[in-house]
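*Asks:* This is the structure I want to talk about, given as structure tokens.
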Amino acid sequence: MSALLTVRGISRSYGGVAAVQSVDLEVDEGTIRAVIGPNGAGKTTLLDLVTGFTRPDEGSVEFCGHQLTGMSPRELPSLGLMRTFQSARLVPTLTVRQNVMLGAYRFTRARFFSDALRLPRTRREECELVVRADELVDFLDLRHFADTPAQDLPAGAQRLVEVARGLAAAPKLLLLDEPAAGLDDSETRELADVLDAVRAGGVSLVLIEHNMSLVLAISDRITVMDAGRVIAEGLPNEVREDAAVRKAYLGVAS
Amino acid sequence: MTDLVQVVLGGLADGCVYALIALGMSVVYSISRIISLAQGGFVVLAALSAVSLQESLGISPLAVVPIVVVIFAVGLAAVDVVIVRPAAKRATPDRLLLTTVGMLQAVGGLLLLGWGNLPYTMPAFTGSDPLDWGGVRIPTQYFWLAGALVVCVLGLWLLLNKTELGLAMRATASNPSAARLQGIRVDRMRLMAFALAGAMAALAGATIIPITFLQFTTVTPYAVAGFIAAVVGGLGSNAGAVVGGLLLGLLQGVFGRYWNADLAQLAAIALLVAVLLLRPQGLFGTPERVRR
Amino acid sequence: MTSARLPMPVESAGRPTGVRTRPARLLLGVVGIAIAIALPYLVPTQMSLLVTVGIFYLATIGLTPLIGQAGQVSLGQTMFMAIGGYGAGFLTMDWHWPTAVAALVLAAFSGLLALVFGAGFLRLRGYYFALATLGLAVATASLSTAWISLTDGPSGLVGIPSLHLGSYAVFSDQANFYVLVVLGAIAAWITSNLRNSQTGRALAAVGNDSVAAGMLGIRASRYKATAFAISAVTASLAGSLYAFYLRFFSPDVVTVTVAFSIVIMVAVGGSRSVIGPLIGALVIQGLPQVGQTFSNWEPLVAGLVLIAVMTYFPAGLWGAVRDGVASAWRRVSRHAVAQGAGR
């Protein structure tokens, strides 16, 4: 199996403090890669570096044969790379359905004049977008929120909408920043099933998460970070048994 | 030559007022990130209030100054409590800008209702005969204007750098949420900022009115001049406000004399646009995230 | 749901459910136009007010994508009104252009000019754009009195012809009003189309968080500049029509106060609907008409109304009504769903 995403030796420091220090990460096609670690371990910074939100001091990111380093985040959706945020960044005034429709922006061909005059091309596209958005809204069990403005949703549900919005772009790889935060146990189990189905649908995932039961249940491989470094990497049961991990993270968490 | 000196002095006199308006905006902005476009309107309102007080009480123009200063300090503190505080709770900076547009409009409305659309002026503080220095005529009021600016700059500097309150205000200006965590009451700091802005507006209005005519229609020009001075100098920078104000006054004075008043206004806009495009943080501002 | 397969991005032929139904919009439009047609017969004494409201509706409706979606306040509408107004006078009187052609060409010119200004100003964050456009408004006010060869200075440009459509002269208040109804309806239709399209959603994303919008592949600067250009086109048309209606154009029409009141109209009515700006234009233009003594109160009341609306109804008066109805409706329907599920 070929690697979809390859991160090599990526580093970034802020004012002399290394937030991420020569981290390697590989994600294979059709797999879920979890990145875990205590708060401040550099997980979100790693996502920012991969998606070009933050420029790395050194190191490289390769995705599907494209060099991402130095690329604008705006170009990533068309390559098939999407992400969600730790605190969801939806458009608060738009409804859940409209937010998900916006996720498919990279497929939109109708542009200003067609939209202004509501030409047939726009109408056809709107229909397709609505159908697709509703499928995804159903898929994430957000049906009863479909017409609710995103700002009126609880934080946990907003994060799920972001997942739906990310999927609307039909990405090859979706980076999720703590999607389970704010969900209760049964909702977390449902999310695990959803992510399973996403993987089965051919979308690879990078999952940054605190919830160990979720991570252990669905990840194919796990990377453990602490203080900006990777301290362990492997299959879920390997990582669970790793002494360094127990000391740095699991011991504290459980 | 004497003509040029005369024009420069006149420009600097106007510049003192612009600087005082910009200084008020700068103090409010640094504490609350609100650009108070109404500040120039308060200057005109204070000036006409001073005229009416002086006439009805029959006291000397100079004696009116402390009265309007106190009234406007308290008045703007009240504006903060009644208008700004409820608005700031839910609004974004964009909406707060519109709130201050509403305040400017309301101040204009008050002037129209209270004084009609008529020009007003007031006797000078100390005699109406200008000094004559080698052909250059200097109204004594110019010294009062310069003095008002110096008093405000010095007073503000002492307040900010030599007092507990000033320390708290500076902490709030640099990082409101951190200041709140340290137990500083940010709301109270904003109240102080508005009170200071009110006092400075009153001082400016009462001091400029003896050498000019002000009325309902002069509200917008003053508001705009003040905000241009503040933006050119750098929003939130007190030194910038003073330099921006004096520079603008000088520019308008010189252009107005040798060209015409409307084109002087255009020169001011050109200055504003140039600064916004080339150095959006202003001459003295820190380059905090002004651009996207 | 959890057993569901990930929906694939295939071309679906299914009928979408839950789309904002077209008939409702259509009905609203038909009723609106019917009322507009009837108005001159219902209130024949208020025709000049109706025309003025129509002109300012045109200037404000075009501002709604910029303010309501892109979240940028432009205080510079008077610049484009001045281009439309003085330009119409110049092109028709000095160059003898047909009136309608002049209006359209000036509108296109204004749109292009807005794209140029937008390229510079829209790099600025938030209210810096508002301040830059305020600069444009002040410059416009000064130029309108100072550029005497074009504007005839403070006394204004006289002798501008009426609008001619073919050989028909749009002269009476009523004819002007109907022209404005047609143009206003077209502008309303376009802005509402945009709001309910991917372009409108992209604009909203840009206005809310341009970084997050970029993550979806949206180019923020292009959308903002487009919205600014729309505002310029309608403002220019409004200016031209004002000139043709008054057969006169003066600096009084494009003062900074007018620039403020246009934004006040949008803010008061609400910028996310086609009705909001209409209510705003009616309230702000109608206030001085309530009575002679009241016209002195107008600036104060307009200012206080703006403050109150910005503080308590940030979505504008119409927006507040609509949001209230919508959330009540959602509560009722969710309640009904919950009861249905309970059985």
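Keep in mind that glycine also has a Cβ here, set from the backbone N, Cα and C atoms.
So TrEMBL has the following annotated:
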- B:6-27: transmembrane segment (TRANSMEM)
- B:34-53: transmembrane segment (TRANSMEM)
- B:59-84: transmembrane segment (TRANSMEM)
- B:96-115: transmembrane segment (TRANSMEM)
- B:142-160: transmembrane segment (TRANSMEM)
- B:191-216: transmembrane segment (TRANSMEM)
- B:222-251: transmembrane segment (TRANSMEM)
- B:263-282: transmembrane segment (TRANSMEM)
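Provide an account of the burial state, proximal residues and distances for the features listed.
*Replies:* Sequence-distant neighbours of the transmembrane segment (B:34-53) (same chain, 6+ residues past either end, Cβ-Cβ under 8 Å): 17, 20-21, 24-25, 28, 59, 61, 64-65, 67-68, 71-72, 76, 84, 88, 93, 96-97, 100-101, 103-104, 107-108, 110-111, 114-115, 120-122, 197-198, 201-202, 204-206, 208-209, 214-215, 218-227, 230, 235.
Long-range contacts of the transmembrane segment (B:59-84) within the same chain: residues 32, 34, 42, 46, 49-50, 53, 96, 99, 103, 122-126, 190-191, 194-199, 201-203, 205-207, 210, each at least 6 residues beyond the stretch ends and with a Cβ under 8 Å from a Cβ of the stretch.
Remote same-chain residues near the transmembrane segment (B:96-115) are listed as 34-38, 40-42, 44-45, 48, 52, 79, 83-84, 87-88, 215-216, 219-220, 223 (criterion: CB distance under 8 Å, separation of at least six residues from the stretch ends).
Long-range contacts of the transmembrane segment (B:222-251) within the same chain: residues 8, 11-27, 29-30, 35, 37-41, 43-44, 104, 149, 153, 156-157, 173, 264, 267-269, 271-272, 275-276, 281-286, each at least 6 residues beyond the stretch ends and with a Cβ under 8 Å from a Cβ of the stretch.
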*Asks:* Short question: which residues 6 or more past the ends of the transmembrane segment (B:6-27) have a Cβ under 8 Å from it?
*Replies:* 35-36, 39-40, 42-43, 136-138, 141-142, 145-146, 148-149, 152-153, 156, 193, 196-198, 200-201, 203-204, 207-208, 211, 222-223, 225-230, 233, 235-238, 240-254, 257-258
*Asks:* So what's near the transmembrane segment (B:263-282) in sequence-distant terms, Cβ-Cβ under 8 Å and 6+ beyond its ends?
*Replies:* 221, 225, 228, 230-235, 237, 240, 244, 247-248, 251-256, 288, 290-291
